[in-house]
Amino acid sequence: MDAREIRSPELLPEASPVSLEANVESHRRKRLGIYFLESDDRRTALGGGYTSGATPVNIHGKPIPEFTISKTGGWIAAFFIFGNEMAERMAYFGLSVNMVAFMFYVMHRPFESSANAVNNFLGISQASSVLGGFLADAYLGRYWTIAIFTTIYLGGLTGITLCATMNTLMPNQDKCDQIALLLGNCEPAKPWQMLYLYTVLYITGFGAAGIRPCVSSFGADQFDERSRDYKEHLDRFFNFFYLSVTVGAIIAFTAVVYIQMKHGWGSAFGSLAIAMGMSNLVFFLGTPLYRHRLPGGSPLTRVAQVLVAAFRKRNASFQNSEFVGLYELPGQRSAIKGSSKIPHTEDFRCLDKAALRLKEDGVNPSPWRLCTVTQVEEIKILLKLVPIPACTIMLNLILTEYLTLSVQQAYTLNTHMGHLKLPVTCMPVFPGLSIFLLLSLYYSVFVPLSRRITGHPHGASQLQRVGIGLAVSILSVAWAGMFERYRRNYAIEHGYEASFLTPMPDLSAYWLLIQYCLIGIAEVFCIVGLLEFLYEEAPDAMRSIGSAYAAVAGGLGCFAATILNNIVKSVTGDVEKRKPSWLSQNVNTGHFDYFYWLLTVMSVINFCAFLLAARRYQYRAKQVNDIREQASIQPSTKGHVVP
């Protein structure tokens, strides 16, 4: 075997071969990562290497020629992707705001169980997004993953439309007025009818899970990393991407609700299916324009290989290695398809043993015994990313609670705007409107002002924007607690304590706009900053999985909301003593204000945890610069390694 010690090809100029024996003592004092052991004797599956992780390919996996690359990708291709995301979000929010009412009014399910069922649907559809990210990064690529799952999504929406249209799929609606609904005297849905509804609902959620982690990453793939304006394009892309999400939500909360009121449930759900079908057509029309990235093989296999190799060598010492440094391929080649090389870092040193080459590894080592530095660093990056999206679970919990609690509050308030009476189910449109307004003014107002304060070219870094969003969410939920305190006292003082479905004419629902607008501002700063952060920081061959982190945080927020609701109801309520819980169906006898203040305290604790995580996190670009600066001060010597 021809093994040689060289400086990392991405960081340092190549050094002359040196004697291994001469470096044993100095090896004990050197930092890992300054030197890599590089060899050409790796098996073909890994050793052949791939020259560049950033090279775009066409739909057939062939590199796009330089003279035609300008005709692909860019903003034109991105707009085809925006259309698909807008329709998907329209369907998602259309279901989230209407399905609780559909289960209650049509399927005759209790309001509490309907809300929990929809929360679980939202949670599963988001938490399972890691599956879509895995398939995209490992085997299918982002384009084919979107194409397959968007078709599944359309099939689920069609099934829901049939459920709302065919009488055989619904319980009998005769003699079922509002009083009968409240008393539980309506004919309940048969078990097989609910089984059908849940089946098509979760098929829809499964389709959403495959699309969500891929769309933002696939859109960002359309921009050339080698371009001087790449960072600016990427920053604007994620803002426009979330703008398309917002437009879809606004349509769901207004037009779809209007269709439901005027033409019924079948027409409302049918409009979602039609919009999804049209967006699929638009997405496929843009196929010739798209740039693609090669899937890098199973990321779970690479993760498992690193963990197994590190465990096997857990007792090995870096000082006792028969070779100097850690294993990596020579030159610019990467062992992972779709990925460029990743420089070594000092975090999670226990994982570095997976790249420590020992004599017992043999001439042709198995990837389950010896991994490259790049492969190890992929796992380190995934681990280092976890705390940031984990801190956004709290924001997603609040968003989930607002979907149900704020609607229950709105039923007791006057929703008239002049001579126009807005349906209660339209109230969630106001966070969308605030997001739309903020994104419209973002580059003309926020960026110039914040640039003067922070000096950052984009106004604020990605983590700063996430932090701003979390801070504003605290203000939103604190205001919600104060207003609910006032609303509840007003209802009791004016004799509305038992009439929780009767609007109070002198108390406007538009006081809810303050908490809605604040949570909209929080969402745009936090989620847009998080999506951009995960795309840039994730490994090249795991960007869909990186984007799935945000969706998983959203799903965990939904599950956490259901768990928190159940805990609060069991702790604060007592059926035997007829003591209502904080989250009583009658909001005038419950204590939503206490619950909002509990969320405020939890949000403050979560924000402190985020500040700690953000302070400790170091951007990948900064890490590379630090490594280069550190390497540049190492004097070039032969036969001696400087600590």
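A Cβ is built for glycine as well, from the same backbone N, Cα and C atoms used for every other residue.
Automatic prediction, not curation, is the source of TrEMBL annotations.
Copied from TrEMBL, the annotated features are:
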TRANSMEM  90-107  transmembrane segment
TRANSMEM  143-165  transmembrane segment
TRANSMEM  237-259  transmembrane segment
TRANSMEM  265-285  transmembrane segment
TRANSMEM  381-402  transmembrane segment
TRANSMEM  422-445  transmembrane segment
TRANSMEM  466-483  transmembrane segment
TRANSMEM  509-535  transmembrane segment
TRANSMEM  547-568  transmembrane segment
TRANSMEM  594-614  transmembrane segment
Stretch contact, the transmembrane segment (265-285) with the transmembrane segment (509-535), Cβ-Cβ under 8 Å, 3+ pairs: no
The transmembrane segment (466-483) versus listed stretches 90-107, 143-165, 422-445, 594-614: most Cβ pairs under 8 Å: 594-614
Positions on the same chain near the transmembrane segment (422-445), where near means CB under 8 A and six or more residues out: 93, 97-98, 101, 236, 239-240, 242-243, 246-247, 249-250, 253-254, 257, 261, 402-403, 406-407, 410-411, 415-416, 509, 512-513, 516-517, 519-521, 523-524
Non-local residues, at least 6 beyond the ends, that sit with Cβ under 8 Å of the transmembrane segment (381-402): 119, 122, 303, 342, 347-348, 428, 431, 463, 466, 469-470, 473, 476-477, 480, 515-516, 519, 522-523, 526-527, 530, 533-534, 537-539, 542, 545-546, 549-550, 552-554, 556-558, 560-561, 564, 599, 602-603, 606-607, 609-610, 613-614, 617, 620
Contact set, same chain, for the transmembrane segment (143-165): CB under 8 Å, 6 or more residues outside the stretch: 59, 84, 88, 91, 95, 102, 106, 132, 135-136, 196-197, 199-211, 214-215, 218, 264-266, 268-270, 272-273, 276-277, 279-280, 283-284, 287, 290, 292, 544
Most Cβ pairs under 8 Å with the transmembrane segment (90-107), selected from 237-259, 509-535, 547-568: 237-259
